[in-house]
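Enquirer: One structure, pasted below without further comment.
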Amino acid sequence: MSSLTHSLLTTTIFLILTIFLHPSNAQLSSTFYSTTCPNVSSIVRSVIQQALQSDTRIAASLTRLHFHDCFVNGCDGSLLLDQGGNITLSEKNAVPNNNSARGFNVVDNIKTSLENSCPGVVSCADILALAAEASVSLGGGPSWTVLLGRRDGLIANQSGANTSIPAPTESLANVTAKFAAVGLNITDLVALSGAHTFGRAQCRFFNQRLFNFSGTGNPDPTLNSSYLATLQQNCPQNGSGNTLNNLDPSSPDTFDNNYFQNLLNNQGLLQTDQELFSTSGSATISIVNTFANNQTAFFQAFAQSMINMGNISPLTGSQGEIRSDCKKVNGS
């Protein structure tokens, strides 16, 4: 064997080993379960359709779970782990999730259904990705091809959830930085914020805008005055912080581009919603305008941004595990 052939062979073996030892996002595949669990998508969808019969919010809640999972340790199902065993601090008890994140029972129902059909095959992380797509689609939004093959993490990261998930009272600069930290750009930020076209938010997440914004003693000046009056009625100063409000008052359970039209009218519910349009000189303004005027452009961007988000640091190959119960690590 010539030295050139030998070195080429060595290089090839090295590359093959590198690819196998360092799995990348490229290993996620739309056909990952095509032989092991071919009906996975329809099973997920039918459980969600059932849940929607009694809970119109569930589509938005499930979409949010995928977001809150992916921003902490990547899309690894860590959000779903309850406290207990080696999990001393659950992400469910982190500030952004505590008494707020919901839909865990539906995830468990999906898992039970899948375990009946294809035991030990589909990860909880992939269930969240599939549930988000089905939820958006069932709400009237776009469909997309979900890339699959994520495995489930063995740890939770409560402190990461407290620091990495954008808070509804943060500046646009801070939120942009949190998206950039997981490889998402400003188009992803605006498109994914459009998920607030359905679902609800509790008064406590925006009441700082209603009476004493940033210590001024006045409401947030970027709030439409008649919308402000409605919100002040729903969320009085010393009222319950848990009262629910529609994120999109014009079509609260439909996935459409009305969210962006609301921003043009100063009717974004959360500070982080309205900032996308009302932050002077921001690159987000033109994107909001595009999506407000063109629902197809929004739907295409949203689908791509969901795929981008679903690609954040997945565990693949032999990393992690396939949990048999989404709430706990196997054997715990």
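Residue 1 is the first one shown; counting continues down the chain.
Using N, Cα and C of the backbone, Cβ positions are placed for all residues, glycine too.
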Enquirer: Looking at the disulfide bonds in TrEMBL, identify which of Cys124, Cys203, Cys235 pairs up with Cys326.
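Expert: In TrEMBL, Cys326 forms its disulfide bond with Cys124.
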Enquirer: For the recorded Ca(2+) 2 site formed by Thr197, Asp248, Asp256, name the remaining residues of the chain with Cβ within 8 Å of the site's Cβ center, in chain order.
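Expert: Same chain, not in Thr197, Asp248, Asp256, Cβ within 8 Å: Gly194, His196, Phe198, Leu247, Ser250, Ser251, Pro252, Thr254, Phe255, Asn257, Asn258, Tyr259.
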Enquirer: Which is it, of Cys37, Cys70, Cys118: the one of these disulfide-bonded residues whose Cβ has the most other Cβ atoms within 10 Å?
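Expert: Counting every other Cβ within 10 Å of each candidate, the maximum falls on Cys70.
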Enquirer: To the nearest Å, how far is the Cα of Asp248 (Ca(2+) 2 binding site) from the Cα of Cys37 (disulfide bond)?
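Expert: Pair distance, Cα basis, whole Å: 36 Å.
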